[in-house]
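Reviewing the structure listed below.
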Amino acid sequence: MTDKTVLRNDWTREEIEAIYHLPLLELVYKAATVHREWNDPEEIQISTLLSIKTGGCPEDCSYCGQAARYHTNIKVQALLPTEQVLEHARKAKEGGSSRFCMAAAWREVRNNRDFDRVIDMVKGVNELGMEVCCTLGMLSEEQAERLQEAGLYAYNHNLDTSEQYYEEIISTRTFDHRINTINNVRKAGITVCSGGIIGLGETHRDRISMLLTLATMPKHPESVPINALARVAGTPLQDNEKTDTWEMVRMIATARIIMPSSMVRLSAGRMEMSGFEQGWCFMAGANSIFTGERETLLVTPNPGISEDLQLLQTLGLKPMGRAEVSCEL
Ligand code: SAM
Ligand code: DTB
Ligand code: SF4
């Protein structure tokens, strides 16, 4: 038996590069081994995603169907009523979900009535005994504290891509803005969910840079979503090539090896993957997926929950329960 790997925050680019470029089967074998040292390989966390405010966003993220400036077919929807959101959360729980993530197409949180309503939603979902997560754009330290006091377990704020490639994808905010919000979330004692997207036109070097930033944070994000670009008609990236699933496998396996105790979340892109392909992602160490009601993620198609449960059963996997400790301060 070799010793259990240790958590490291001092990874170098060269080390991550060497892991990322391993022959694929060797990489998957290593990732699967590390995964078994740190996690129960039979468990997959199902996180239900709900868009609580859709479209009309002032940002220019070139992948996103919710940016107001692109001509997409997305229907703009104001903030949903609290009771309606809680009804979705109850249904998600009944369906086997232990985490509920509320997403808003906002650039940032403002201290207004909508934020007060989100605070009520967080309280309500927490009372249902689910891990409650939000992704609402940029947050100040005070806003993060308010969310934490309401019972927020996790906050999703992705790096999206490397620092170097960031300005090719988004011009209305900077990479440093993203890091600043992540730091505010950390300071407030909320767990961090942060990852990115592949298929934006970035290089392997960009992907490695993004992983390096995540894996050298003072504490690894507890959850690392890896998204394949969901190509939305009307966005600048609509004609990008479909992301090869082997690229997702490589990204997931590298994330698993360098951040062994984090949840690695197979996020956008599952609609274009077969069960076999998703199985490879789980073998490479992914241990979480997003589901959404009506078979959507936020605004793009996603497999339905019954299809997902069927796939887990076929693969001998089971849905994970809520984390015991609600938040580590
Ligand atoms: N507006 C907030 C923000 O940008 O932080 C929260 C919601 S936003 C939809 C959350 C994340 O979803 C983005 O940071 C991005 O990583 C991911 N995302 C959005 N559109 C996507 C797409 N078309 N394909 C893949 N991932 C996408
Ligand atoms: C994340 O990393 N992926 C989710 C969640 N965080 C909020 C969102 C993916 C969105 C995919 C395209 C859409 O449906 O809008
Ligand atoms: Fe707005 Fe978020 Fe979409 Fe960017 S990713 S356009 S911030 S909803």
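The backbone N, Cα and C atoms fix where each Cβ goes, glycine too.
The feature [4Fe-4S] cluster binding site is assigned by TrEMBL to Cys57, Cys61, Cys64. Note on Cys61 ([4Fe-4S] cluster binding site): other Cβ atoms within 10 Å of its Cβ, all shown chains, come to 22. In three-state terms derived from DSSP, Cys61 ([4Fe-4S] cluster binding site) belongs to neither a helical nor a strand segment and is classed as coil.
According to its DSSP assignment, Cys133 ([2Fe-2S] cluster binding site) is in a strand. Residues annotated as [2Fe-2S] cluster binding site in TrEMBL: Cys101, Cys133, Cys193, Arg265.
Averaged across the domain 'Radical SAM core' (42-270), pLDDT in this predicted model comes to 97. Taken from TrEMBL, the feature domain 'Radical SAM core' applies to 42-270.
For ligand 3, the binding-site residues lying close by, meaning a CB under 6 A from one of its atoms, are Cys61; the full candidate list was Cys61, Cys133, Arg265. Recorded residues Cys64 ([4Fe-4S] cluster binding site) and Cys101 ([2Fe-2S] cluster binding site) have their alpha carbons 18 Å apart, per Cα-Cα distance. For Cys133 ([2Fe-2S] cluster binding site), the same-chain residues that are 6 or more apart in sequence and have a Cβ closer than 8 Å to its Cβ are Ser47, Arg99, Phe100, Cys101, Met102, Leu152, Tyr153, Ala154, Tyr155, Asn156, Cys193.
One way to see the shell of the [4Fe-4S] cluster site is to take the Cβ centroid of Cys57, Cys61, Cys64; the remaining same-chain residues with a Cβ within 8 Å of it are Glu59, Asp60, Tyr63, Gly65, Gln66, Ala67, Ala105, Ile170. In this structure the C-alpha atoms belonging to Cys61 ([4Fe-4S] cluster binding site) and Arg265 ([2Fe-2S] cluster binding site) are separated by 21 Å.
In sequence order, Gln45, Ser47, Cys193, Gly195, Ser223, Val224, Pro225, Ile226, Ala286, Ser288, Ile289, Phe290 are the residues of the chain that are 6 or more apart from Arg265 ([2Fe-2S] cluster binding site) and have a CB within less than 8 Å of its CB.
Apart from Cys101, Cys133, Cys193, Arg265, the [2Fe-2S] cluster site neighbourhood in this chain, defined by C-beta within 8 angstroms of the site C-beta centre, holds Ser47, Leu49, Arg99, Thr135, Ala154, Asn156, Ser223, Pro225, Phe290.
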